[in-house]
């Protein structure tokens, strides 16, 4: 059977990863799991469940595809539907157990022991034989990542609970966080999506719970919470901290009880803690309904250093196997199963398909802010603070020049002051020590300049409002329109152009009504939008009609005066010469 699979795989291109998968036969039992050869021969990361032949037996199916070129994710809807919409399970409440955490920390390795339990849960020796290779989700030793996107086991287990109900159990494996090919957004999306869709999220950590582990958890869960609809309760269900390679059993013993004591100590909010540390812990408590922790010993040197290790129990330390026998039933025993709920309602297999579709669309869009690395977030905050400080220097200085209690200042003087103070603000910005480098900081300097120009435009309007002639521009314009229409109406009526006279009277009436309305708005402060509209119309008339007309008349008058002066001068000169000749 393995040879047939190998031949089928050779015929498929690597792009087959995107091909739609066929649903496995759920009646296939444990024999398929235990009869496979080592994972290196049976399942490869690039050959996940692409052919009908492979799909006839239980195996991992990638339902969320990771595109490395554009750092985007795609849901394989058909594969997910074929797994969860099988007739015998689609209306059952679902239990989703997911394992997430940093890459190369043994998530897939742990899930394969969960598979052994699910196929042999009625046996005391479910953990397997000493010489049996570990198969199921693909895993291997080494330092490079193995899993990408999100995978699920294509056989959904139907379990009878002690209360007589049946539930469907789905096991989920996720792409490891913080590898060299994933952005912070990639890591946050995978972790958030798996947390949103799982009822139990196992947070797989190595050796200890570091403060940065909690900060990343805060970031990832907040990214998930933002994508969910407005809810008034804790958005996620159970988070199980799984501390691998625990080296301090003399302080906190292996297992659940020692983990509980350790977690209480780590997540305790103390009065003397910095506010940032308190906020991280409060956020985690507010996001999850249940928190737990399990301390797991190191599996042994053979596991860590043997390149040919294939999961055989004979190579694993007894302490690890003993605690593993306690951990897996704690998560998957019928009496311990946690059914998936969203907003207090149980979720069926059919419902979960729709939630997956809705959530992936959110993360494919641009509605959510992009999470950033700590350096980038700190650099942005640092530069924004420098921008705010420099802008404040500019605003305070300009207030001294043309603030509310200062008299009107000539526009040319105001512009000169603006340019001087703008340069002072830019020097202030440049003098602040900032993170991110020159190119990064240049964007914020451009932002500062734009904000200063916007503020300057407001100061110009404020200064113009103090000019009595500017304040009287609207009534003067309307009065000029009324006067002009009155004269034109009289002249056109006198020569018999009654239609034009009526039109001029109508315009004069509108101008008079506008003038009265404007006066009422300025007096009462009501209907300010109407007053603004009248000001804008008057401004347009002034700039486009009256001012050019006045300038032309002024130029014509000046030109005529100069011409007359020249003529008078020439006449005087000619007269003077004539008198001289006569004399």
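Glycine is treated like the rest: Cβ placed from N, Cα and C.
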Swiss-Prot feature region 'Disordered', matched against 1-45, 91-135, maps to 1-45
Looking at 466-474, 475-483, 484-492, 493-501, which one is region 'Linker' according to Swiss-Prot?
-> 466-474
How many whole Å apart are the CA atoms of residue 244 (GTP binding site) and residue 108 (GDP binding site)?
-> 13
Looking only at C-alpha atoms, tell me how far residue 303 (GTP binding site) is from residue 175 (GDP binding site), rounded to the nearest Å.
-> 21
CB within-chain contacts under 8 A for residue 245 (GDP binding site), separation at least 6 | 206, 207, 296, 297, 298
Which is it, of 108, 175: the one of these binding-site residues whose Cβ has the most other Cβ atoms within 10 Å?
-> 175
What count of other C-beta atoms do you get within 10 angstroms of the C-beta of residue 244 (GTP binding site), across all chains shown?
-> 21
Residue 175 (GDP binding site) in three-state DSSP notation | coil
